[in-house]
Structure formats: C-alpha cells, structure tokens
Amino acid sequence: MKGATLVALAATIGNFLQGWDNATIAGAMVYINKDMNLATSVQGLVVAMSLIGATVITTCSGPISDWLGRRPMLILASVMYFLSGLIMLWSPNVYVLCLARLLDGFGAGLAVTLVPVYISETAPPEIRGQLNTLPQFLGSGGMFLSYCMVFTMSLSDAPSWRAMLGVLSIPSLVYLLFTVFYLPESPRWLVSKGRMDEAKKVLQMLCGREDVTDEMALLVEGLDIGGEKTLEDLLVTLEEHETLETVDGDGQMRLLGTHENQSYIARPVTDQQQSSLGLRSRHGSLANQSGIHKDPIVGLFDSLHEKMPEAGGNTKSGIFPNFGSMFSTNADMPHMKPAHWEKDVESQFNKDHDDYATDDNAPDDDSDNDLRSPLMSRQATSTDKDVIPHPTGGSTLSMRRHSTLNGENSMGIGGGWHMGYRYDNGEYKRYYLKEDGAESRRGSIVSLPGGHDGGSYVHASALVSRSVLGPKSVHGSDVAPPTGPLWSALLEPGVKRALVVGVGIQILQQFSGINGVLYYTPQILERAGVDILLSSFGLSSISASFLISGLTTLLMLPAIVVAMRLMDVSGRRALLLWTIPVLIVSLVALFISELVQISKVVNAALSTVCVVLYICFFVMGYGPIPNILCSEIFPTRVRGLCIAICAMVFWICDIIVTYSLPVLLSSIGLVGVFSIYAAVCVISWVFVYLKVPETKGMPLEVITDYFAFGAQASAPSKDDT
C-alpha cells in the first residue's frame, strides 16, 4: 500500500496550503486593519473573498474534473495558490488584496473538493478512511506552522502582513512540482474514459504488483448507475466436492472469477437451512427498524459490519482465506498476468463518439483500451458439463470443475469483498459477495442439512445485478457500458438518497460553526480574556492570542492521529455519533461560563479549555468525515458532478458563517453564538443517527450499489404508507 499512501500524501499538500492560509489571514487581519483602517464589513469581505472564489470554482470543478481528469485540476489548484501568494506579497491596496484572495479561493476550492475524491479513487478500501483523514491532518499542520510564523513576526516592532501572506507561494511551488511530476491520474477516471492501458499502469504502481485483473474488473463494473438489484443469501463452498460436478442444477450455481479457470460453487439458502443453522437474512435489515424511523439504508449498511473482521487487519476470512486487498502486496500470492486482459479484443474503444460508446470496426490489436476486454478467456473443452455455451453459438467459455479457493488466485476486490459472475438467461450477472459476519459461527464451516453429505459451506451475502460488461463481453463483441446524460443520473433513487446524505451533512457541519471559530480564533480568544493567562510573560494580548491559537492547532494533531487510527476500525458513523456529543457539551459549558459570574481568570481559562475541546473533537469526527463520505457514496460517472453540488453547498454555508460571525459577536455575543452552534450540533447528531450509513472497508463500487439497492428496496414500503 506504499504507492497509494505516498500519492495521498502528495495530493494532500493542497489541504496543507488551505490550512496555512486560514491561519495566516486570521493573524494578518489584525495588521491589515491597522494599516488600512478597514471597516468591519470590509474586514469580513477580505476574509470572505477566498470563500467566494472557492464557491465560484466549485460550481464547475466537478463536471470539469469528470471531463479533463482529477490531476489537471490539482495542477490548476497549485498554480492558483502560487499566483495568489505572489500577488498578496505585492498588494498595494485592498482591491488587489481582494483579487489575490479570490485566486487563493480558487486554489482552495479545487483542493478541498477534489483531493478527497482523488484519494478515494486511488486508495484501497482497508485504509481509505485513514488516507482521507490526511487532508485534515496536513491542514491542521499547516495552521500550526502558520500560527508559529505569525506569532514570531508579531514579536517584531513592525510586523508585515504582506510577508505573512506572501510566504504561501513557497509551499505552493512545491505542490506544483508534485502535481506535475509525481501524481498519476485517477485509475477510475481513466477507466471511465476507456483509457485501459493507462489505468492498468496506474493500478500496478499503486498496488506494487503486475496482476491487477480484479481491480480492473471492479473499476469497469463501477461505471454502472442504478439498475435492478437483488440481495441474496448464499452458501458458498470452501473446498472441492465430487458431489458438485453438475453445476447450475438443483439450486447450485457456479460463480466465475475475473481470472482464467477461477470459480466458486454457491447455492441459495433455503428456509430449512436458515432455520436449522440460525442464519439471518439481510432483508430483515431493510424492514425492521425497531420502531425508530431510521433510514432503511442505514440499517442495511449496519448489518454488513456486524461482528466483521477489521477491514484494515490481516484477519483471513473463513470463506475466502486468500481474500486479498484491492492493493494487497502479499508476497505469497503469485501474480500471473492473465492473457484475457491482454488480447482477444475485437473492437476498439471509440473516443470520438462519447465517453462510453464503442467502435465496431476497430481492428484487432494488443491494446487494453476497451471497456469490454474479456474478463475470462475462451478455450475449447471436450467436457460439456464444464462449459458455458454462448447464447448466440460459437465459442465457449472454459472453466475448471472445482472452486479455486486456496490456490493461486482470489476474487478479492478489497476489504474482504469478492466479485463473481454468473451466466444466466443469456447475460452475465455480477455478484458482490461478503461473508456474513453477523453470526456467532462467522468463519466456520457448516454442513448443509439434508443431502450432499460432506458438503461444507459458509454463509455469505450477495448483492446481484446485471454486469456492465454484458453477455458478449467475454468474447470482445460490441457491448458497451450503459450510457446516458449525466444530469439524468442524478434522478436515480440511489444517487438522490446519497445526495441527501452528502448535502445534509455538509450544511450541518458548517453551521456547527467550526470555520467561523477557526477564521476568528484570535479575536474570539482575545474577547474571552486569554491575554490575562499570558500577561506574566510580558506578551501583548495580540501575541498571546496567536500563541494560544498555535497551541490549539498543535493539540489538533494528536486528536487527528487518533481519528486516523479509528476511521477504518470504529468507522465514520461511530466516530460522528460519539464526538458530536462532546461538541455539544463543550459549547454548553462555554456559554454557561459566560452567564455565571465567576472570576476573570477562571472565565478565561474555562473559555480556552472549551474552545480547545471543541476544536480537537471536531477534527476527530465532524471535520474530515463529511468530505470522506461525499467522496465515497456517489457512482464513478457522476462522482465529480455530485461532489461539486456538495462542495458548493459547503462553501456557500462557509461564507454565511464566516461573514456573519463578526456581526453576531457584536449583537448577541459569545453566549448567543455558541448556543446556536450547540443547537445545530444536536440536530447533526440526530441526522447522523437516522440518515448516515457506515462505509468503512467497502469498495466504492459496492457502496454505491448498496445505496441503489437500499433506495430501490425501500421505495415500495414508502408508497404503501
């Protein structure tokens, strides 16, 4: 996973620059006001210009990134940061300063919007949450270093606010070099454009191995949006059985893998088996919510994580002993390059038609630039029971008779999930499989009651839908992935449900007040009387507030490290549910301390502790998780568009909070401001509990499919009520 980690670190420099700028402008505003004697409204405008720029660029960043790619947009972000730093270093008046702040907002908007998307599309499921917490860590690290710089400069006789702001150009130049010379393009974006050769090379670099067949198949399947899906309970074989020589009969079926000669044998769970073995159906997760109006999708996702092995650990599943991470580097697993991804392509992907069209007349060559490159090779066979005939006649698909469970290849797609294909009624169906972790016998081998003596199976849940590649894809015929206007895809039930989650959590996050607190931390702490705490050191109130702000951001870093450790263990939802109450308690204690008459020193100390607790617990949960969730829950083809919608809401709310905070402080004071924030945090907890599912350890394509299935399955019950 080293390749994916280094790529994530390099991409996250953009968030470091945003954190640096947030802290710098908070400190520099004190000296800008002294130098230019700005009105309160103009001060707010100088700060808000970067937010306006971020909002403007966000409205188009998603669709453009879907068109041009993630990497070019990150390069543009680094250029914007660099230019804004140079202009702020020179700015002779407030108008030029506002222009520079606008360019800075362009860079920040691109980075904040696209870095989580980029990391999610390049990271393995097991550590995706951890890597996507890096933007919060580096952003807070940038704030700490910036406050250290501002504090040091504040000790001089004539601090220069231009120098404070202009330093931004130095790290932004480093970011520019990384984006141009090191960062690869997102493999998911490359697959969506049919650039399969490039996608394979990027995956090989990220995975650190040659064989990326499973990953390529998963990324192609991720182009699907909506469609009919079913949830099945299966019993899957763990070993070879002579009794299973006849497949696709008596309820048995063979699930094909992406590698040649790879398959599992499975059978549906009957009512008798479910009762006698104590197995529980996943369908109950949609219907039973214990009288609480929790979104059925939340219950469905929760059921997938019950008593599951840790996604990031080395626990081997009982059903899939070689489950294999999406980016696994297991040295014990040979990586033979499957020939069926290289050749046998009879038509070339047509880039001139549209993103997903095909050219039937393209000549045969050795290129992989075809979404329909066969996942399984064609070979002749002499045993009828070992072949699957193509519905139109012609060549056949050869497979071994027995499951390849403990052998060289696995069907793993990351996080303990597996993907298989079944040929049924003239088309291939896609199966996303996960061993059922809800039972006490998880990982054990159970014998089926009634028949098939010696047959050993393990219970697995399977989400089934039509394969994007289609029934003829194994022969390289002209079958293309689904097409259609991207805007119309927003009306798909699963996408709409995901947008409710993404937009809702972004709105509530901003109105919990964190960005207003961070932008104006020095002023807030100065009004709280922190200068009293440091007066014995001979520091002015301004320098003291900078020092407290720097120490506050320093305390964020270990808190974020804890969040990084828990993000893929406890999960996103759990972190939100136990950190938000701490935010509420901190805010309530803050405004109570302002209402009760206590000594000035005690008031200052208590106010500082409350602010520190609020910020530290915020960065553990509510800080990084909304962006992580938004980068995970949307399908590949509309991810950029949906992220743009969520990010635009984010920045609009950010502008409202930041621009209104000075007015609120002067009108209703800290008590009124933080009481509003506390009320919003209460609403946030309720929203998370009812609407936000757990996504840890799940491949992106599986997440979006479960959203689609949950929305599809829960729709009839709503109509009935």
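Quick reminder: no glycine exception, Cβ is built from N, Cα and C everywhere.
As annotated by TrEMBL, domain 'Major facilitator superfamily (MFS) profile' applies to 7-696.
If you look up TrEMBL, you'll see 43-61 (among others) marked as transmembrane segment.
Summarising the annotation, TrEMBL assigns transmembrane segment to 73-90 (among others). Through the fold, the transmembrane segment (73-90) approaches residues 11, 14, 17, 61, 64-65, 96-97, 99-101, 103-104, 106-108, 110-111, 114-115, 118, 162-163, 165-170, 172-173, 175-176, 178-180, 183 of its own chain, all at least 6 residues removed from its boundaries and within a Cβ separation under 8 Å.
Residues 8, 11-12, 14-15, 17-18, 21, 49-58, 61-62, 65, 70-71, 73-74, 76-81, 83-85, 87-88, 128, 131-132, 134-135, 168, 172, 186, 627-628, 630-631, 639-640, 643-644, 647, 650-651 of the same chain lie 6 or more positions beyond the ends of the transmembrane segment (102-119) yet place their CB under 8 Å from a CB of it. According to TrEMBL, the transmembrane segment annotation covers 102-119 (among others).
If you look up TrEMBL, you'll see 131-155 (among others) marked as transmembrane segment. Remote same-chain partners of the transmembrane segment (131-155), defined as residues 6 or more beyond its termini with a Cβ less than 8 Å from a stretch Cβ, comprise 4-5, 8-9, 12-13, 15-24, 27-28, 112, 115-116, 119-120, 123, 163-164, 167, 171, 518, 540, 542-543, 546-547, 549-550, 553-554, 556-557, 560-561, 563-564, 567, 619, 623-624, 627-628, 631.
Among residues of the same chain six or more beyond the transmembrane segment (161-183), those with a C-beta under 8 A of the stretch's C-beta atoms are 7, 10-11, 13-14, 16-17, 20-21, 24-25, 27-28, 31-32, 35, 71, 74-75, 77-79, 81-82, 84-86, 88-91, 100, 104, 107, 142, 149-150, 153. Taken from TrEMBL, the feature transmembrane segment covers 161-183 (among others).
The region 'Disordered' annotation in TrEMBL covers 351-401.
Annotation source TrEMBL lists compositional bias 'Acidic residues' at 357-368.
As annotated by TrEMBL, transmembrane segment applies to 541-563 (among others).
The transmembrane segment annotation in TrEMBL covers 575-592 (among others).
The transmembrane segment annotation in TrEMBL covers 604-629 (among others).
Residues annotated as transmembrane segment in TrEMBL: 641-661 (among others).
Look at TrEMBL and you will find 667-690 (among others) tagged as transmembrane segment. Long-range contacts of the transmembrane segment (667-690) within the same chain: residues 292-295, 298, 504-505, 508-509, 511-513, 516, 524, 527-528, 573, 576-577, 580-581, 583-584, 587-588, 590-591, 594-595, 607, 622, 661, each at least 6 residues beyond the stretch ends and with a Cβ under 8 Å from a Cβ of the stretch.
The transmembrane segment (641-661) shares the most Cβ pairs under 8 Å with 43-61, out of the stretches 43-61, 575-592, 604-629. Below 8 angstroms of C-beta separation, residues 512, 563, 566-567, 606-607, 610-611, 613-614, 617-618, 620-622, 625, 670-672, 674-675, 677-678, 681-682, 684-685, 688-689, 692 of the same chain, each at least six residues beyond the ends of the transmembrane segment (575-592), sit close to that stretch.
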